[in-house]
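For reference, TrEMBL has these:
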DOMAIN    60-492  domain 'Major facilitator superfamily (MFS) profile'
REGION    1-20  region 'Disordered'
TRANSMEM  97-114  transmembrane segment
TRANSMEM  126-145  transmembrane segment
TRANSMEM  183-205  transmembrane segment
TRANSMEM  211-232  transmembrane segment
TRANSMEM  384-400  transmembrane segment
TRANSMEM  406-427  transmembrane segment
TRANSMEM  439-462  transmembrane segment
TRANSMEM  468-489  transmembrane segment
Amino acid sequence: MSQRNGLSLAHSGPHKSYHSVDSETSLLQGHAKEASRSIKPYSVQTALDALGFGIFQIKISALAGLCYMTDAMELMLMSILAPILKCSFQLTSVQEALLTTSVFVGMCITANFWGIIADKYGRKPVLLMFAALSGYFGILCSLSPNFWWILGLRFIVGCGLGATPQSMTYYSEFLPTKSRGTCLMAIAVMWAVGASLQAALALVVMPTLGWRWLLGLSSIPLFLFILTFKVLPESPRYYLFRGYHSEAEKVLAKISKENGRSLPEGILQSSSEQESVDGATWNALFRSEYLRITLLATIMSVSGNTAYYGSSILTTSLFENDDSCHGYTDGGGTTGGETCEAFCQTLSTSDYVDFMITSFSELPGVFISMFLMKCCGRKSVQTAMYFSFTVAILLCNICLPRGGLVALLFIARALGNAAAQGGYLYIAELFPTSLRAKGLGWCSGVSRVGIIAAPFIAQVLIKESANWSISCFGLLGLLGGLATMLMPIETANREMK
């Protein structure tokens, strides 16, 4: 009996302990569930907002700004060189326009391609290719023996420059919400710095060393960008979007360390768009959700960029134009049967000074736009910039003294640059991460189709009538303003998707 009791007790002990273990396991699981519920997931944008604008963003601003500055220098280059190359290579007006157009054709062909590469392989590789292609072939341009060589090499430079909008994509994905608008427009300031620097460089180099030296020296900033490339991290948004969760966390930890701020408590949530990694094709831009935005952004981009670049080329074209209203009317130019030698003298030191003055106008234009966009929003300010540009450029049809023409061109280029650069900011905020690079690439690529026509309007049509040429750019500004006005979204202070 006692044995039975002993056996019974012996068996009851373990039996009881099994129940105890089960209850403890259930209790632990309950605590784990409670703990998991208490850990709040946070998004990349929430993390960036918590980390704020600090040392890391200042470093990225400088590098992205260098990228934008070099792009401006390369694009302003041909508007300065075209009149001189026309004489050096005995070119017609159409060939002169083709020199500038070749760059835009290259940009048009590759802009969409770079958007695809940026979404598939990352933002960093695209920026490296931009600098390498543009810099190497920019140097080779200075050695061109004839027109056809420089035409082909400038086309390849344009292929590299087609990646420039991806610098805006890259930069925007590191910024806190409150600083985003100001920072992106600050990059546009670097564009204005690049345009002004190119004009100042031309003033110093052209009268003494000549156009080949100007081409070579203009490529140096691109190689500086390549040297600093290693310090650029990949975008955490891109990493998360592609499913590289740990890499995204490492980048955010790096930002946290450099800025001296802590990440939010919790865990980094996976991208809500992860299911679209393989499905975010070009077709998505034209689905019902984004169709209106895509079409209006396209019109806005084509109109704004064509009007801006056209007005830049128009500056030197008006200075060398010998009509009764613009250009030289004091005997410094030629009439009727002008010769090549006369054209070589049309851009004098005073012309380079005036070109530099109008180029410096882009700085106050961007600063004004930056301030207004922060306090008044993107949409209304963009609309006002486009319409104001239209008024300023159309006033150039009035016969005025040289100082009056320079003043109007100063205002027009300030407003045109503010509209064009503000457009990149607005478009970058309109699309989600899965479509941002593609959206910017699409708008940039299609806008180059319009820009291809800009040299022919500014350098060929102007020979028939300066008023027609000027009015074409005014009409483009009007279209850009109407497209912006019809945009359904205001993106100021809105978290990026």
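Placed from the backbone N, Cα and C atoms, the Cβ positions cover glycine too.
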Six or more residues beyond either end and a Cβ under 8 Å away: which residues meet both conditions relative to the transmembrane segment (97-114)?
74-75, 78-79, 81-82, 85, 91, 126, 129-130, 147, 150-152, 154-163, 165-166, 282, 309, 313, 438, 441-442, 444-446, 448-449, 451-452, 454-456, 458-460
Given the cut-off of 8 Å on Cβ pairs that are 6 or more apart in sequence, determine whether the transmembrane segment (211-232) and the transmembrane segment (126-145) share at least 3 such pairs.
yes
Long-range Cβ neighbours of the transmembrane segment (439-462) (under 8 Å; 6 or more residues past either end):
82, 93-94, 96-101, 104-105, 107-116, 118, 162, 164-166, 168-169, 282, 285, 290, 294, 297-298, 300-306, 309-310, 313-314, 317-318, 321, 424, 427-428, 430-431, 468-469, 472-473, 476
Which listed range (183-205, 384-400, 406-427) shows the maximal number of Cβ pairs under 8 Å with respect to the transmembrane segment (468-489)?
384-400
